[in-house]
(Lines of atoms letter the chains of each structure in order from A and count residues from 1; the text may use other names and numbers.)
(Lines give C-alpha, C1' and ligand atoms only; values in the text may rest on other atoms or scores of the structure.)
Protein backbone atom coordinates (compact mmCIF):
# COMPACT_ATOMS: atom_id res chain seq x y z
CA UNK A 1 0.00 0.00 0.00
CA UNK A 2 1.42 3.35 -1.07
CA UNK A 3 1.26 6.27 1.33
CA UNK A 4 0.87 9.92 0.44
CA UNK A 5 3.75 12.20 1.36
CA UNK A 6 1.84 13.70 4.28
CA UNK A 7 0.98 10.24 5.61
CA UNK A 8 4.63 9.18 5.46
CA UNK A 9 5.62 12.40 7.23
CA UNK A 10 3.00 11.77 9.91
CA UNK A 11 4.63 8.40 10.61
CA UNK A 12 8.17 9.79 10.56
CA UNK A 13 7.22 12.63 12.89
CA UNK A 14 6.20 10.03 15.46
CA UNK A 15 9.80 8.76 15.31
CA UNK A 16 11.13 12.25 16.18
CA UNK A 17 12.65 12.78 12.75
CA UNK A 18 13.48 16.35 11.62
CA UNK A 19 10.68 17.50 9.31
CA UNK A 20 9.70 21.14 8.68
CA UNK A 21 6.17 22.10 9.79
CA UNK A 22 3.45 21.28 7.29
CA UNK A 23 -0.30 21.42 6.84
CA UNK A 24 -2.58 19.31 4.66
CA UNK A 25 -5.59 20.90 3.01
CA UNK A 26 -8.48 19.82 0.81
CA UNK A 27 -9.65 23.33 -0.13
CA UNK A 28 -8.32 26.85 -0.64
CA UNK A 29 -10.01 28.15 2.56
CA UNK A 30 -8.14 25.47 4.53
CA UNK A 31 -4.88 26.62 2.92
CA UNK A 32 -5.68 30.22 3.81
CA UNK A 33 -6.38 29.25 7.42
CA UNK A 34 -3.06 27.40 7.64
CA UNK A 35 -1.12 30.33 6.18
CA UNK A 36 -2.70 32.75 8.64
CA UNK A 37 -2.14 30.44 11.61
CA UNK A 38 1.55 29.97 10.75
CA UNK A 39 2.01 33.51 9.39
CA UNK A 40 3.85 32.12 6.38
CA UNK A 41 4.86 34.71 3.79
CA UNK A 42 6.23 32.13 1.35
CA UNK A 43 6.24 28.38 0.98
CA UNK A 44 5.83 25.34 -1.20
CA UNK A 45 2.55 23.69 -2.24
CA UNK A 46 2.73 20.01 -3.20
CA UNK A 47 0.09 17.84 -4.85
CA UNK A 48 -0.60 14.69 -2.84
CA UNK A 49 -0.63 11.89 -5.38
CA UNK A 50 0.86 8.39 -5.56
CA UNK A 51 3.40 9.25 -8.22
CA UNK A 52 6.91 10.53 -8.67
CA UNK A 53 7.93 13.28 -11.03
CA UNK A 54 5.78 15.90 -9.33
CA UNK A 55 8.42 18.59 -9.58
CA UNK A 56 8.89 18.10 -13.32
CA UNK A 57 5.17 17.92 -14.09
CA UNK A 58 3.68 20.86 -12.25
CA UNK A 59 2.83 19.04 -9.04
CA UNK A 60 5.11 21.16 -6.85
CA UNK A 61 4.83 24.96 -6.80
CA UNK A 62 7.12 27.35 -4.92
CA UNK A 63 5.31 30.53 -3.93
CA UNK A 64 6.83 33.76 -2.61
CA UNK A 65 3.71 35.42 -1.24
CA UNK A 66 0.49 34.39 0.53
CA UNK A 67 -1.45 35.25 -2.61
CA UNK A 68 0.76 32.98 -4.70
CA UNK A 69 0.33 30.18 -2.15
CA UNK A 70 -3.46 30.40 -2.47
CA UNK A 71 -3.28 30.54 -6.28
CA UNK A 72 -1.00 27.49 -6.37
CA UNK A 73 -3.30 25.54 -4.07
CA UNK A 74 -6.33 26.43 -6.18
CA UNK A 75 -4.52 25.28 -9.32
CA UNK A 76 -3.31 21.99 -7.85
CA UNK A 77 -6.61 21.06 -6.21
CA UNK A 78 -8.26 21.14 -9.63
CA UNK A 79 -5.48 19.15 -11.31
CA UNK A 80 -5.51 15.68 -12.83
CA UNK A 81 -1.86 14.73 -12.39
CA UNK A 82 0.06 12.52 -14.78
CA UNK A 83 3.73 11.70 -15.30
CA UNK A 84 5.87 8.90 -16.69
CA UNK A 85 5.25 7.11 -13.39
CA UNK A 86 1.43 7.06 -13.46
CA UNK A 87 1.16 4.27 -16.08
CA UNK A 88 -1.07 6.33 -18.35
CA UNK A 89 -3.46 7.27 -15.55
CA UNK A 90 -4.46 10.80 -14.57
CA UNK A 91 -4.59 10.93 -10.79
CA UNK A 92 -6.91 13.35 -9.00
CA UNK A 93 -5.33 15.78 -6.56
CA UNK A 94 -7.65 15.74 -3.57
CA UNK A 95 -5.20 17.19 -1.05
CA UNK A 96 -2.20 19.49 -1.02
CA UNK A 97 0.63 19.82 1.47
CA UNK A 98 1.82 23.31 2.41
CA UNK A 99 5.19 23.90 4.05
CA UNK A 100 7.54 26.86 4.54
CA UNK A 101 10.59 27.35 2.36
CA UNK A 102 13.92 26.04 3.63
CA UNK A 103 17.32 27.56 2.90
CA UNK A 104 19.16 24.65 1.31
CA UNK A 105 22.93 24.22 1.23
CA UNK A 106 23.03 20.63 -0.13
CA UNK A 107 20.54 17.99 -1.25
CA UNK A 108 20.96 14.24 -0.70
CA UNK A 109 19.13 11.05 -1.56
CA UNK A 110 18.44 8.32 1.00
CA UNK A 111 16.31 5.22 0.66
CA UNK A 112 15.74 1.91 2.40
CA UNK A 113 14.22 -0.76 0.20
CA UNK A 114 13.76 -4.51 0.06
CA UNK A 115 16.27 -5.97 -2.40
CA UNK A 116 14.53 -9.08 -3.72
CA UNK A 117 17.67 -10.36 -5.40
CA UNK A 118 19.64 -10.44 -2.14
CA UNK A 119 16.52 -11.08 -0.01
CA UNK A 120 17.31 -8.37 2.49
CA UNK A 121 16.87 -4.63 3.03
CA UNK A 122 19.42 -2.30 1.49
CA UNK A 123 20.19 1.33 2.14
CA UNK A 124 21.04 3.62 -0.76
CA UNK A 125 22.51 7.11 -0.54
CA UNK A 126 23.70 9.72 -2.98
CA UNK A 127 25.04 13.25 -2.82
CA UNK A 128 22.89 13.94 -5.90
CA UNK A 129 19.51 14.39 -4.23
CA UNK A 130 16.41 16.08 -5.57
CA UNK A 131 16.73 14.47 -9.01
CA UNK A 132 15.77 11.21 -10.68
CA UNK A 133 17.86 8.66 -8.84
CA UNK A 134 17.36 6.17 -11.69
CA UNK A 135 19.22 8.57 -13.97
CA UNK A 136 22.04 8.94 -11.46
CA UNK A 137 22.32 5.17 -11.03
CA UNK A 138 22.47 4.66 -14.79
CA UNK A 139 24.78 7.50 -15.80
CA UNK A 140 26.84 7.99 -12.63
CA UNK A 141 26.79 4.73 -10.68
CA UNK A 142 29.77 5.87 -8.62
CA UNK A 143 27.51 8.58 -7.16
CA UNK A 144 25.26 5.98 -5.50
CA UNK A 145 26.25 4.04 -2.38
CA UNK A 146 24.35 0.80 -1.79
CA UNK A 147 24.78 -1.44 1.26
CA UNK A 148 22.91 -4.49 2.47
CA UNK A 149 21.52 -4.32 6.00
CA UNK A 150 21.39 -7.03 8.69
CA UNK A 151 18.07 -8.74 9.31
CA UNK A 152 18.17 -7.53 12.91
CA UNK A 153 16.97 -4.12 11.80
CA UNK A 154 20.15 -2.46 13.06
CA UNK A 155 23.02 -0.87 11.19
CA UNK A 156 26.67 -1.46 12.07
CA UNK A 157 29.02 1.29 13.15
CA UNK A 158 31.41 0.67 10.27
CA UNK A 159 28.51 1.11 7.84
CA UNK A 160 27.64 4.49 9.35
CA UNK A 161 31.29 5.56 9.10
CA UNK A 162 31.38 4.47 5.47
CA UNK A 163 28.22 6.47 4.78
CA UNK A 164 29.65 9.60 6.42
CA UNK A 165 32.85 9.31 4.37
CA UNK A 166 30.95 8.74 1.12
CA UNK A 167 28.59 11.65 1.78
CA UNK A 168 31.52 13.88 2.87
CA UNK A 169 29.83 14.74 6.16
CA UNK A 170 31.92 16.24 8.96
CA UNK A 171 31.36 14.89 12.47
CA UNK A 172 28.48 17.20 13.54
CA UNK A 173 26.55 16.42 10.36
CA UNK A 174 27.46 12.72 10.55
CA UNK A 175 26.03 12.59 14.08
CA UNK A 176 22.74 13.97 12.76
CA UNK A 177 22.82 11.59 9.80
CA UNK A 178 23.46 8.57 12.04
CA UNK A 179 20.46 9.40 14.21
CA UNK A 180 18.22 9.94 11.17
CA UNK A 181 19.29 6.66 9.57
CA UNK A 182 18.69 4.71 12.79
CA UNK A 183 15.23 6.23 13.25
CA UNK A 184 14.32 5.60 9.61
CA UNK A 185 15.39 1.97 9.97
CA UNK A 186 13.28 1.58 13.09
CA UNK A 187 10.25 2.97 11.26
CA UNK A 188 10.95 0.80 8.21
CA UNK A 189 11.04 -2.42 10.23
CA UNK A 190 8.28 -1.64 12.71
CA UNK A 191 5.81 -0.61 10.00
CA UNK A 192 6.69 -3.51 7.65
CA UNK A 193 7.66 -1.16 4.85
CA UNK A 194 9.01 -2.33 1.51
CA UNK A 195 10.20 1.18 0.57
CA UNK A 196 11.11 4.29 2.53
CA UNK A 197 12.58 6.99 0.32
CA UNK A 198 13.76 10.44 1.38
CA UNK A 199 14.38 12.67 -1.63
CA UNK A 200 15.64 15.11 -0.79
CA UNK A 201 17.28 14.92 2.58
CA UNK A 202 18.75 18.42 2.81
CA UNK A 203 21.49 20.18 4.69
CA UNK A 204 20.25 23.65 5.56
CA UNK A 205 22.46 26.71 5.61
CA UNK A 206 22.49 26.61 9.41
CA UNK A 207 23.96 23.07 9.35
CA UNK A 208 20.85 20.99 10.07
CA UNK A 209 19.82 17.82 8.24
CA UNK A 210 16.11 17.96 7.39
CA UNK A 211 13.69 15.64 5.58
CA UNK A 212 11.86 17.58 2.86
CA UNK A 213 10.05 14.76 1.06
CA UNK A 214 9.14 11.20 1.95
CA UNK A 215 7.75 8.27 0.01
CA UNK A 216 6.68 5.10 1.77
CA UNK A 217 5.16 1.76 0.76
CA UNK A 218 3.79 -0.75 3.26
CA UNK A 219 3.82 -4.48 2.49
CA UNK A 220 0.20 -5.44 1.77
CA UNK A 221 0.78 -8.85 3.34
CA UNK A 222 1.59 -7.20 6.68
CA UNK A 223 -1.34 -4.79 6.86
CA UNK A 224 -3.20 -7.07 9.25
CA UNK A 225 -0.54 -6.13 11.81
CA UNK A 226 -1.20 -2.42 11.33
CA UNK A 227 -4.91 -1.63 11.72
CA UNK A 228 -3.89 1.96 12.49
CA UNK A 229 -2.88 2.33 8.82
CA UNK A 230 -6.22 1.20 7.37
CA UNK A 231 -7.37 4.78 6.77
CA UNK A 232 -4.24 5.50 4.72
CA UNK A 233 -5.57 3.53 1.75
CA UNK A 234 -6.65 5.90 -1.03
CA UNK A 235 -8.56 4.12 -3.82
CA UNK A 236 -8.72 7.31 -5.90
CA UNK A 237 -5.02 6.83 -6.69
CA UNK A 238 -5.46 3.38 -8.23
CA UNK A 239 -6.77 1.92 -11.45
CA UNK A 240 -10.51 1.43 -10.92
CA UNK A 241 -10.19 -2.24 -11.87
CA UNK A 242 -7.55 -2.75 -9.18
CA UNK A 243 -9.94 -1.26 -6.63
CA UNK A 244 -12.84 -3.45 -7.76
CA UNK A 245 -10.64 -6.54 -7.69
CA UNK A 246 -9.67 -5.85 -4.08
CA UNK A 247 -13.33 -5.52 -3.17
CA UNK A 248 -14.02 -8.87 -4.85
CA UNK A 249 -11.09 -10.57 -3.14
CA UNK A 250 -9.26 -11.22 -6.42
CA UNK A 251 -5.55 -11.02 -7.18
CA UNK A 252 -5.58 -8.58 -10.11
CA UNK A 253 -2.85 -6.40 -11.59
CA UNK A 254 -3.48 -4.24 -14.64
CA UNK A 255 -0.87 -4.53 -17.39
CA UNK A 256 -0.45 -2.82 -20.74
CA UNK A 257 -1.18 -5.63 -23.22
CA UNK A 258 -4.23 -6.64 -25.26
CA UNK A 259 -4.97 -10.20 -24.09
CA UNK A 260 -7.24 -10.43 -21.06
CA UNK A 261 -6.39 -13.38 -18.81
CA UNK A 262 -8.36 -15.32 -16.22
CA UNK A 263 -6.30 -18.06 -14.59
CA UNK A 264 -6.40 -20.10 -11.39
CA UNK A 265 -3.19 -20.21 -9.39
CA UNK A 266 -0.44 -17.59 -9.29
CA UNK A 267 2.17 -19.93 -10.80
CA UNK A 268 -0.03 -20.83 -13.75
CA UNK A 269 -0.97 -17.18 -14.17
CA UNK A 270 2.68 -16.10 -14.37
CA UNK A 271 3.46 -18.95 -16.76
CA UNK A 272 0.54 -17.83 -18.93
CA UNK A 273 1.94 -14.30 -19.09
CA UNK A 274 5.35 -15.68 -20.03
CA UNK A 275 4.11 -17.92 -22.83
CA UNK A 276 1.97 -15.14 -24.29
CA UNK A 277 5.12 -13.04 -24.47
CA UNK A 278 7.00 -15.98 -26.03
CA UNK A 279 4.49 -16.07 -28.89
CA UNK A 280 4.75 -12.32 -29.45
CA UNK A 281 1.73 -11.14 -27.48
CA UNK A 282 1.21 -9.38 -24.18
CA UNK A 283 -1.28 -9.71 -21.37
CA UNK A 284 -3.64 -6.93 -20.36
CA UNK A 285 -3.70 -8.17 -16.78
CA UNK A 286 -2.61 -10.67 -14.19
CA UNK A 287 -5.69 -12.30 -12.65
CA UNK A 288 -5.57 -15.26 -10.29
CA UNK A 289 -9.02 -16.42 -9.15
CA UNK A 290 -7.53 -19.04 -6.83
CA UNK A 291 -8.99 -22.45 -6.11
CA UNK A 292 -12.14 -21.53 -4.22
CA UNK A 293 -13.75 -18.81 -6.33
CA UNK A 294 -17.53 -18.84 -6.52
CA UNK A 295 -19.65 -18.55 -9.65
CA UNK A 296 -20.33 -14.91 -8.72
CA UNK A 297 -16.62 -14.16 -8.35
CA UNK A 298 -15.87 -15.75 -11.74
CA UNK A 299 -18.64 -13.71 -13.33
CA UNK A 300 -17.37 -10.49 -11.75
CA UNK A 301 -13.77 -11.34 -12.65
CA UNK A 302 -14.60 -11.82 -16.33
CA UNK A 303 -16.67 -8.64 -16.39
CA UNK A 304 -13.73 -6.86 -14.77
CA UNK A 305 -11.31 -8.04 -17.46
CA UNK A 306 -13.71 -7.16 -20.27
CA UNK A 307 -14.24 -3.64 -18.88
CA UNK A 308 -10.70 -2.86 -20.05
CA UNK A 309 -11.17 -1.41 -23.54
CA UNK A 310 -7.65 -2.42 -24.56
CA UNK A 311 -8.59 -6.12 -24.30
CA UNK A 312 -9.00 -7.69 -27.75
CA UNK A 313 -9.01 -11.35 -26.73
CA UNK A 314 -10.04 -13.21 -23.58
CA UNK A 315 -7.86 -16.19 -22.60
CA UNK A 316 -9.37 -18.39 -19.88
CA UNK A 317 -6.79 -20.85 -18.58
CA UNK A 318 -8.07 -23.17 -15.85
CA UNK A 319 -6.42 -26.29 -14.49
CA UNK A 320 -9.05 -27.56 -12.10
CA UNK A 321 -7.76 -29.39 -9.08
CA UNK A 322 -9.54 -27.62 -6.27
CA UNK A 323 -11.23 -25.31 -8.76
CA UNK A 324 -14.38 -26.78 -10.31
CA UNK A 325 -14.51 -26.27 -14.10
CA UNK A 326 -18.32 -26.28 -13.94
CA UNK A 327 -18.23 -23.27 -11.60
CA UNK A 328 -15.92 -21.46 -14.02
CA UNK A 329 -18.23 -22.30 -16.92
CA UNK A 330 -21.30 -21.10 -15.07
CA UNK A 331 -19.61 -17.80 -14.19
CA UNK A 332 -18.44 -17.39 -17.79
CA UNK A 333 -21.93 -17.95 -19.18
CA UNK A 334 -23.42 -15.41 -16.77
CA UNK A 335 -20.73 -12.84 -17.59
CA UNK A 336 -20.97 -13.26 -21.36
CA UNK A 337 -24.75 -13.05 -21.38
CA UNK A 338 -24.47 -9.64 -19.78
CA UNK A 339 -22.08 -8.26 -22.41
CA UNK A 340 -23.34 -6.04 -25.22
CA UNK A 341 -20.41 -6.99 -27.43
CA UNK A 342 -18.36 -10.17 -27.62
CA UNK A 343 -14.66 -10.55 -28.27
CA UNK A 344 -12.70 -13.64 -29.37
CA UNK A 345 -12.41 -16.04 -26.44
CA UNK A 346 -9.89 -18.86 -26.04
CA UNK A 347 -10.55 -21.44 -23.33
CA UNK A 348 -8.39 -24.16 -21.86
CA UNK A 349 -10.27 -26.17 -19.25
CA UNK A 350 -8.72 -29.21 -17.59
CA UNK A 351 -9.52 -31.07 -14.39
CA UNK A 352 -12.55 -31.43 -12.14
CA UNK A 353 -15.86 -31.54 -14.07
CA UNK A 354 -14.18 -30.44 -17.29
CA UNK A 355 -16.70 -32.19 -19.58
CA UNK A 356 -19.63 -30.74 -17.67
CA UNK A 357 -18.11 -27.28 -17.85
CA UNK A 358 -17.46 -27.45 -21.58
CA UNK A 359 -20.99 -28.72 -22.15
CA UNK A 360 -22.46 -25.76 -20.25
CA UNK A 361 -20.50 -23.29 -22.39
CA UNK A 362 -21.44 -25.02 -25.66
CA UNK A 363 -25.13 -25.32 -24.72
CA UNK A 364 -25.25 -21.62 -23.84
CA UNK A 365 -24.00 -20.75 -27.32
CA UNK A 366 -20.98 -18.81 -26.07
CA UNK A 367 -18.69 -18.19 -29.08
CA UNK A 368 -15.24 -19.47 -28.15
CA UNK A 369 -12.32 -21.67 -29.17
CA UNK A 370 -11.43 -24.63 -26.93
CA UNK A 371 -7.77 -25.68 -26.79
CA UNK A 372 -6.06 -28.61 -25.11
CA UNK A 373 -2.68 -27.15 -24.14
CA UNK A 374 -1.16 -23.97 -22.80
CA UNK A 375 1.00 -23.40 -25.87
CA UNK A 376 -1.91 -23.96 -28.27
CA UNK A 377 -4.04 -21.51 -26.32
CA UNK A 378 -1.35 -18.86 -26.09
CA UNK A 379 -0.50 -19.07 -29.78
CA UNK A 380 -4.16 -18.78 -30.79
CA UNK A 381 -4.82 -15.90 -28.38
CA UNK A 382 -1.86 -13.97 -29.78
CA UNK A 383 -3.03 -14.57 -33.37
CA UNK A 384 -6.54 -13.35 -32.56
CA UNK A 385 -5.20 -10.25 -30.80
CA UNK A 386 -3.56 -8.95 -33.95
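Note: Cβ is positioned from N, Cα and C throughout, glycine not excepted.
Residues or ranges marked as domain 'ATP-grasp' by Swiss-Prot: 9-244.
Per Swiss-Prot, the feature ATP binding site maps to 46, 53, 54, 55, 102, 107. In this structure, residue 102 (ATP binding site) belongs to neither helix nor strand by DSSP; it is coil. The Cβ of residue 102 (ATP binding site) lies under 8 Å from the Cβ of 20, 202, 204, 210, 212, each of which sits 6+ residues away along the same chain.
Counting only same-chain residues six or more apart in sequence, the Cβ atoms lying under 8 angstroms from the Cβ of residue 199 (Mg(2+) binding site) belong to 109, 110, 111, 129, 130, 133, 213, 215. Annotation comment: Swiss-Prot describes 199, 213 as Mg(2+) binding site.
Summarising the annotation, Swiss-Prot assigns substrate binding site to 264, 321, 322, 323. Every protein chain shown contributes to the tally, and the Cβ of residue 323 (substrate binding site) ends up with 22 other Cβ atoms within 10 Å.
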Residue 46 (ATP binding site) to residue 264 (substrate binding site): how many Å between their Cα atoms? 42
Using residue 54 (ATP binding site) as the reference point, find which of the binding-site residues 264, 321, 322, 323 has the shortest Cα-to-Cα distance to it. 264
Env. residues of substrate site, Cβ within 8 Å of mean position of 264, 321, 322, 323 Cβ: 265, 290, 291, 292, 318, 319, 320, 324, 351, 352
When you measure from the Cβ of residue 264 (substrate binding site), which residues in the chain that are at least 6 apart have a Cβ under 8 Å away? 288, 289, 290, 291, 293, 317, 318, 319, 320, 323, 328
For the substrate site as recorded (264, 321, 322, 323), determine the largest distance between any two Cα atoms, in Å, rounded to the nearest integer. 10
